[in-house]
Structures are given as structure tokens and as C-alpha cells.
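Chemist: The following feature annotations were taken from TrEMBL:
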SIGNAL    1-18  signal peptide
TRANSMEM  211-233  transmembrane segment
TRANSMEM  277-301  transmembrane segment
TRANSMEM  313-336  transmembrane segment
TRANSMEM  348-372  transmembrane segment
TRANSMEM  378-404  transmembrane segment
TRANSMEM  436-457  transmembrane segment
TRANSMEM  469-495  transmembrane segment
TRANSMEM  507-526  transmembrane segment
TRANSMEM  538-561  transmembrane segment
Amino acid sequence: MHNVHKLIVLCLVVGAYSDEHNHIYGDNEEVILWMNTVGPYHNRQETYAYFSLPFCVGSKDTINHYHETLSEALQGVELEFSGIDIEFKSNVQKGEYCAVQLNEDKYKVFVYAVKNHYWYQMYIDDLPIWGVVGEIKDNNYYIWTHKKFEIGYNGKQIIDVNLTSEDKVLLTPNVKLSFTYEVIWKPTETKFEDRFDKYLDYNFFQHRIHWFSIFNSFMMVIFLVGLVSMILMRTLRKDYARYSKDEDIDDMERDLGDEYGWKQVHGDVFRPASNSLVFSSLIGAGHQVTTVVFCVIVFAILGELYTERGSLLSTAIFVYAITSPINGYFGGSLYARMGGKLWIRQMTVSAFMLPAFVCGTAFFINFIAIYYHASRAIPFGTMVAVTCICLFIILPLTLVGTVLGRNLAGQPDYPCRINAVPRPIPEKKWFMEPGVIILMGGILPFASIFIEMYFIFTSFWAYKIYYVYGFMLLVFIILMIVTVCVTIVCTYFLLNAEDYRWQWTSFLAAASTSAYVYIYAIYYFFFKTKMYGLFQTAFYFGYMALFSGALGIMCGTVGYVGTSVFVRKIYSTVKID
Ligand SMILES: *[C@@H]1O[C@H](CO)[C@@H](O)[C@H](O)[C@H]1NC(C)=O
């Protein structure tokens, strides 16, 4: 019933206030001040609905609550109408809009909020506005009661809003707080397209460090690409050398192990990976994640998505849903090539692996959020919507992809035959063990991205608007190249030690990047943030686990795909005796 109600409200909102969406206002047209959330300044993701504090609502009554989109609900946006009367280009003298009679409880709540440096967020015409609740002075708690809005306009559009809090009142039980506001409209020359510029922190994002890190990673790419092409050329050249009896053995060769080490395992390299069902599902999901990340970054560059609430997440959900066939295609075809028969089970695992991971974490955090009454608690209707997307969009599309993949690319076409009996894996030095190689594999990819990680974490946890998606795209591409090169080198060492279990090793060697990212996230939590409390800690580590997990699957897949091209290439030159 509640949800139906919400839906009707939502339709009304869309019908009645379309000027919020085209951002065009006529003179004296209503401008809505939406109250969003309130929360501790140092815990910026811990937010509660504005009216969870005993603030009062103005006398103007309109719709009081709505979640416009799925992603706004997921991100804890809680827009509620303030009841404050604002009209386009019409100044309002200072005057009371409502009053609160404090009792013991309300007094305590306000004191708590002021003590924890609570601040609140509002929206006018999609522009965020922040204000602090109160101030502590000499162990006395004061609350700001006057809001002065200075709104800049250009033609029929709102360009910027400045809020000044005035009139401190000492909080004492049983006092009556009178909340006042005033509105001053000022013409400005700034263009509508540039109105978000004042929220962007150029000094932070365009810092020399940022450019320097990109340059650094770029150098690493050149070095690694050089290394890989050298390995590739040497392995291929040696074949010619064998025919022409042209002996030119250099020192590198002895260091890299037995001369023909990797050729010994030609009868086993294309043996299906162990747990091929899980493996192919991971690879399928990885293809999808990689595509989604790439598309979202490109859309963010083209569409300046940061100017609209929640649009980045909406785009991500949408792109994720429609790219499900990619998951099915690559996962299903790989599973078929590995001779798997349980293809329906594989498809289900593949389709629901990430959604389950995300929902599981979200569910866990949700319980804590509900306990704290935080606005991060996901409404029931939203959960139903997410489940429907999974069942009725993602699953059928994955099925389509799987069927296509199995039929179009399901035949194994390996350059070498697979021996009937697996070859025993010889003893080798400790640093050639897959476990060690996996741990080493993540270091360079992590090194190429960790400065960008700092910027991404900071924008997410400290409310800086991330807008340098061009940088992000560059880092993404660099990460992909570094990951592929590193896994190729790792696999080359592994195969030279006559260990043919390269599929999982290459996947995990690349995926271990995410372990380093998570360790970095732990460091970031303790040294760069001032978060506290169970809710915030669970929220931070839960979402960081999601982020690292997705990153790991993405890197792992890219590493595996690059390596399988490499393996195919070098073994296609082997003459089978
Ligand atoms: C808001 O504040 C900024 C910085 O102080 C100022 O440049 C701008 O003109 C102000 N806008 C309005 C509408 O007063």
C-alpha cells in the first residue's frame, strides 16, 4: 500500500514539477527547496533523513517525500519538501517559517547533533547546498536558526545558491526556537552549463601529483610492453634458430630456466582448468564488468554525469543489465570449450554471481542501517525492483548470450592435442610456485593505479565531486595493459617451470591487485578518514570489499584473456613430434 502511494506521489511530482527537470522558471514560479539528509561531518556517508532531527516544516504544504529514481533510493537520498516558500526572482524579507517548542527529548537530540558536528544537505533545482546545524562554544551548544539564501540567476535559470547560517541561539530545554529564512535573488553572468564548476575542486584533482602519476604509469607500460615483446620474440625466434643451427644463446636464456621448458607441457596446457564451472563463470562476469566500467567511464566523459543526482549509478545499473549477454556469451563458450556439460548451472552461477555478491553485502549493511535508522537503509520497494531486474532482465539476457556462445564459439580449437594422461608437475623453486606468482602478480598493476585510488576514495568518502573521468579512462587503459603484460610474464615463468596450471594462475595473479587495493583501503580508513562507529565501519569495509572484488574479477579476466592469446600464440609454433 505504501509503495502504491509512493508511486502515485511520484507521478504527481513528475507531472506537476517538470520545471525541476528542464531547469527553466518563469517569474514568481515556485522554486522547491528539498531537504535531503543530515549527518556527522566526519562520517560523510553516514546520513539520516533531515527530519529525523526535530526540525519543523514550513507552512506551505505540497508533496512531502519522494524517491525519484532507483539509484537515488540506493544512495540514501531522502528528499523531503521543506515547506519553505521560494518564488523565482522574488525576494523574501527575513521572517519565521516555523517554530519548535523544545522539550527534554528534542533538546537532547539537538545537543547530540551539534556535538557530533552534524551538517545537513538540501537541494534547490538539483544544486546541492550544505549547512551546519550548530556550534559548540565554551561547552555551550548553539543552534543556527536563520537561513539566508542568496540565489544567482541568469535569464530563466538558477545558477548558484549560497547559504549563510545566522542567529545563533543557545540550546536550553523548554525554549521555543523560531526558524527564519530570507531569500535574495541576484543576477549573474555565469552560464548554466558552468554552474557546477564551483563544486569542482580543481586544485585537488589537477594537482601535479595526478599528472605525475599518469606519466609514471605510462613509463611502466612502455617498459612492460617492451619486456613482453622481447619474450615473445625470443620464443618465436628460437624456432628459426633451431632450423638454421644459428647458435646465439645469451645469458638471459639461462636465467629464464630450461631452454625448452614451456614446450614440454604442450600436451597439457590446454587441459581444462580445474573447477571449470566456477572459472568460466568468473571469466564471463569479468567480461561484463570490464565492459560496464569502460562504458560508464565513457558516458561520464561525454555526459558530465556528475551534475545529476544518482545518474552515474543509474547508468551503471542500466549498462550492467543490458550487457548481460556478454557475460553469457564468454562464460558459456569458455565452459563449452572446456567440455562442461552443466551449462544451465554455469549460466545461473555466472548471471547471479555479482548481483548476489552485491546484494549480500548490501543486505548486511542494510541491517545495520535499519538499526541506526540511517537514510542508507534500502526501502523494501527498491529491493523488489532490484530483484525484478535480476530475474526478468539479467537472467534472460544471460541465457541468450549463453546459447549464442555455446553454439558459435563452443568448439575447442586448440593448436596442440591434449594428452590423455596428465603430466606430473616437477618440483620447483619456491618462487615458482603458483601461490607466490599470484602474490607477485598484483604488485605492478596496483602500483600503476594506487594514486588514482586515492582520488577515487577521497571523492567517494569526502564528498568531493569526481569529474576527471578522462584521467580515469587513461588509468583504466594503463591498468589493462599493465595487467596483461604482468600476467603474460608470470605465465611464461610458470610454463617454463613445466607447470601447466596457467588458467587459474593467470586469473588470480591479475586479480590479486584487488587484495592490494583492499589493504590500501584499510590504510586509508585509519590514516585518511575520521570515521567512527559500527555503522560507518561496516559501511566502509563492506563497500570497499565490493569495489575490490569487482576490480579483482575485472583484472583477473583481462589478465586471463591476454595470457590465453599469448599461450595460443607460442604453442601454435610448436611442432608436435
Ligand atoms: C556566492 O558566493 C560566491 C563566493 O563567495 C560568490 O562569488 C557568488 O557571487 C555568490 N553568489 C550569490 C548568488 O550571492
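Backbone N, Cα and C define each Cβ position, glycine as well.
Those TrEMBL annotations? Automatic predictions, nothing curated.
The model shown is predicted, which means the values in this text are computed figures rather than measured ones.
Could you give the neighbours, burial and distances for every feature on this list?
Modeler: Sequence-distant neighbours of the transmembrane segment (348-372) (same chain, 6+ residues past either end, Cβ-Cβ under 8 Å): 46, 48, 277-278, 280-282, 284-285, 288-289, 324, 327-328, 331-332, 378, 386, 390, 394-395, 398, 402, 534-535, 538-539, 542-543, 545-546, 549-550, 553.
Using a Cβ-Cβ cut-off under 8 Å and counting only residues 6 or more beyond its ends in the same chain, the transmembrane segment (378-404) has close neighbours at 2-3, 6, 67, 70, 73-74, 317, 320-322, 324-332, 343, 346-348, 350-352, 355, 359, 362, 366, 369.
The list of residues near the transmembrane segment (436-457) in space but at least 6 beyond its ends in sequence, with Cβ under 8 angstroms from a Cβ of it, reads 204-205, 209-210, 213, 217, 220-221, 224, 430, 466, 468, 471-472, 475, 478-479, 482-483, 486-487, 490, 493-494, 505, 508-517, 520-521, 524, 528, 555, 559.
Within its own chain, the transmembrane segment (469-495) has Cβ neighbours under 8 Å at 205, 210, 214, 217-218, 220-221, 224-225, 227-228, 231, 256-257, 261-262, 265, 269, 290, 293-294, 297-298, 300-301, 432, 434, 437, 440-441, 444-445, 448-449, 452, 455-456, 501-502, 505-506, 509-510, 513, 555, 558-563, 566-567, counting only residues six or more beyond its boundaries.
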Chemist: Which residues, given as numbers and ranges, are at least 6 beyond the ends of the transmembrane segment (538-561) yet have a Cβ under 8 Å from it?
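Modeler: Answer is 45-46, 282-283, 285-287, 289-290, 293, 354, 357-358, 361-362, 364-365, 368-369, 376, 441-442, 445, 461, 479-480, 483-484, 486-487, 503, 506-515, 517-518, 521, 525, 529, 531.
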